[in-house]
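Asks: Below are the structure tokens for one structure; questions will follow.
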Amino acid sequence: MAHVQVSNNVAIGILALQGAFAEHQTALQKLSCQKKIAVVLVRTVEDLSACDALIIPGGESTTIALLAKLAGLLEPLRTFLQKKPVWGTCAGAILLAQAVENTKKGGQELLGGISVTVARNGWGSQVESFEAALSIEGLRDPTTPFMGVFIRAPVVLAIHPSTENPPIEIIARLPINLVPKSQKLMAHAGGDSGLHDSQSIVALRQGRHMLTTFHPELTKDSRFHEYFVRTCVLPPLL
């Protein structure tokens, strides 16, 4: 979709190389906000240049990175991150991390942008996926839990504070009582049965960037998309 540069419009791109980009598109199209949202499915550098913000969807992080490299998008995406807001969900969260563990053989291309280390498949394989009702104060109607869908989800292993970067704001944590018993916890938890402090983090912000280790796009609840637009995308444009 072409972006027309009108003050009443905001163009939000979705990296549409692989993964759940169509579900993000549906969620964004439901929103009503101060500016009209134009959704751009990003597959080329030209598509990316039309965007005011970007969502990197869940999927397979190594595949998304490989396809982005083949499309000549890796460096333009890194440049975009320095200037404009980006939200990564699940695989997208991995790509936004500063460092990643438990990678496939040959390593993992990253975009960076958020000062965290994550581990791929932090809760186990596809068959160990689960859902959990999350209490999140910053969302619209915060008394209604948000259903987090965790599918081969990454785990935040560490936060790396820096005076050179904006502080990290924790949006949501996964309480230990909501973790299925079979997953308390994987090998990188040091062999104990509880969540380390950073590993309970499932959503966070750093400046205008945001990551969620779960899949908000796989629910019919668009409140996380509204939160991203309201807190990360719109403020500099108003």
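Think of each number as a place in line: the chain as shown, counted from 1.
Placed from the backbone N, Cα and C atoms, the Cβ positions cover glycine too.
The structure displayed is predicted, hence computed values, not measured ones.
Checked TrEMBL, it gives:
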ACT_SITE  Cys90  active site, nucleophile
ACT_SITE  His215  active site, charge relay system
ACT_SITE  Glu217  active site, charge relay system
BINDING   Gly59, Glu60, Ser61, Arg120, Ile151, Arg152  L-glutamine binding site
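Give me the local environment of each listed feature.
Replies: Around the Cβ of Cys90 (active site, nucleophile), a 10 Å sphere holds 29 further Cβ atoms from the protein chains shown.
Every protein chain considered, the tally of other Cβ atoms within 10 Å of the Cβ of His215 (active site, charge relay system) stands at 27.
The Cβ of Glu60 (L-glutamine binding site) has 17 other Cβ atoms within 10 Å, all protein chains considered.
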Asks: Residues near the L-glutamine site, Gly59, Glu60, Ser61, Arg120, Ile151, Arg152 excluded, by Cβ within 8 Å of the Cβ center?
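Replies: Near the L-glutamine site, beyond Gly59, Glu60, Ser61, Arg120, Ile151, Arg152, sit Gly19, Gly58, Cys90, Ala91, Ile94, Asn121, Pro154.
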Asks: Cα-Cα separation of Arg120 (L-glutamine binding site) and Cys90 (active site, nucleophile), in Å?
Replies: 9
